[in-house]
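Report on the structure given below.
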Amino acid sequence: MQFNLRTAFISEDPADERATTFKMAAVASSLVSYCSDSDSENESESGKGPQTVDPDAVSHLQPLKPGTLTALAALNPAPEVAVKEDVETGVHLDPALKEVTYNPSYETMFAPEFGPSNPFRSKQMSAPRNMLSGYAEPAHVNDFMFEQQRRTFSTFGYALDPSVDTSQVSSSSYIGAVEEAEKNKGLMAFETGVKKSEKRKKVKGGDASDIESFLGPWAKYQDERDVAKPSEDEKKELDEILAKRQKRGKNEEEAPAEEKTILHVKDAYDYQGRSYLHVPQDVGINLRSADVPEKCYLPKKQLHVWTGHTKGVSAIRLFPLSAHLLLSCSMDCKIKLWEVYNDRRCVRTFIGHSKAVRDVCFNNTGTQFLSAAYDRYLKLWDSETGQCISRFTNRKVPYCVKFNPDEDKQQLFVAGMSDKKIVQWDIRSGEVVQEYDRHLGAVNTITFVDENRRFVSTSDDKSLRVWEWDIPVDFKYIAEPSMHSMPAVTLSPNGKWLACQSMDNQILIFGAQNRFRLNKKKIFKGHMVAGYACQVDFSPDMSYVVSGDADGKLNIWDWKTTKLYHRIKAHDKVCISALWHPHETSKVITCGWDGQIKLWD
């Protein structure tokens, strides 16, 4: 058997050639001596002389010559990776390259990309980043810890620095309002009261001698009494409390506040006998037509501020069809009518509620409107004369009110009440003609859909119900475990969608036809509205969605992509409502709890 040492000791690294050659030479020499010894033994045994050896037969046993190993390595079919220790200066790696056939140096890999640097980019824009606000490093954070720090920062203004070891907390461990953190002793959002370390320690070994008035595990306390009969002083206090409760329980019918009105313009009628309800012709836009603008644009600047309310504004409503007048109700118990064009004056003030006014609603022509207030009264007003036509009450607080939009049902209106009912009144008789009693919480909104044959209501019970007109049983009930209360709902201009302001800081879109399904592709986020019924609205061409938020900002989203396009600081307090003018391309009206109403363009 022949064994080829040339293939047995070939190394792929040329630097090991010399060592390998010595190894092979040693092995070959030992093999040659072994073969010669065995041959001599054979000769002595057979008595024959030495035999001649064929040189080709032992050629594989000879040591390799220097340089032979490199030549053999070149025949190795295995692929190699070339090593370039010094990359030529000026050689750049293409950033889009997916595979490199050599080992580049550190300088080559971190060399700047081709092209001149943009001189107009700020340091933040030119720095590497993987999100809009900068570079977010991947880190594993417990969901609860992250939410705790986020809520602490939004509530108290400080949070723990994630780059600092939290086992040794000091003033340098916080970011944001460090003084506030020291003042609160590092209290987090979910921590209330005394910290764990300061709580009463458990009694060890059953020794409770340090606890006052404790006589043993089965004994009574020193001041404990067996009789439940109250003393004379305690009985007096109990009688007073019961008397107060009985007074509160009685719904004493308060007399309605006296109604009056103030006209703020010099003349109620012009030289042709037309009142301020007449649609102006000199504003550059045909307000009488039902045509909507072809293309709407984002509002950028503030055009006008209407001031007059002394407290926060609850709701604003535009005059039907023409939208040349604006009606506002406020927590100062007053309702005001404003001009949208020309001088933008306050035309008339309606005074007649003793508590804050919650909602207002025009009829189809705008000649009359309803107001709902916390004094438990709904009042019908004449828009032109300011006279209070009639009053309605069922001794419950009305949260929302809506006229039936049908022309032949303008004498009927519905109101969502605090006692979980939707009550339907007839203006002519002043009596309740229908009650829709299916909700489990106070009714927040009523919205007419499907050519006014149906209406949708939302409630504090976190549900959405759809009703046929005049049938007191809901035919559609939408409630999911993940749903939150939706205290503001708006119908889109094309009548196909319902935009619902959800209390989990989202605007949800439901279909307003047939099945009323949630459109999961249209969810608008990025604003903070939890706890506030901020009204939503659409642009006339259905390209934008607008809403206020708890920080007083006006948020504008793109309808198709649901991206937050624009954000304006509109009010100092909560921006409770935003209306897009139906005849203008970029005019938006907002109102807030700072008592101001603003026009943006």
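Numbers run from 1 along the shown chain.
The backbone N, Cα and C atoms fix where each Cβ goes, glycine too.
According to TrEMBL, the protein carries these features:
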- 36-58: region 'Disordered' (REGION)
- 306-340: repeat 'WD' (REPEAT)
- 350-391: repeat 'WD' (REPEAT)
- 436-468: repeat 'WD' (REPEAT)
- 536-567: repeat 'WD' (REPEAT)
- 568-601: repeat 'WD' (REPEAT)
Item to check | Selected stretch (most C-beta pairs under 8 A with the repeat 'WD' (350-391)) from 306-340, 436-468, 536-567, 568-601 | outcome: 306-340
Checklist entry - Short question: which residues 6 or more past the ends of the repeat 'WD' (568-601) have a Cβ under 8 Å from it? => result 285-287, 292-293, 295-307, 309-316, 318, 322-323, 326, 328, 330-332, 338, 340, 344, 493, 532-540, 544, 546-554, 556
Checklist outcome for this item: Per the Cβ under 8 Å criterion, with at least 6 residues separating them from its ends, the repeat 'WD' (536-567) contacts 292-296, 298-299, 488-490, 492-494, 499-501, 507, 521-530, 573-583, 588, 590, 592, 594, 600
Checklist entry - How do the residues of the repeat 'WD' (436-468) split into helix, strand and coil according to DSSP? => result 0 helix, 19 strand, 14 coil
Checklist entry - Counting each residue once, how many in the repeat 'WD' (350-391) are helix, strand and coil under DSSP? => result 0 helix, 23 strand, 19 coil
Item to check | Integer mean pLDDT for the repeat 'WD' (436-468) | outcome: 95
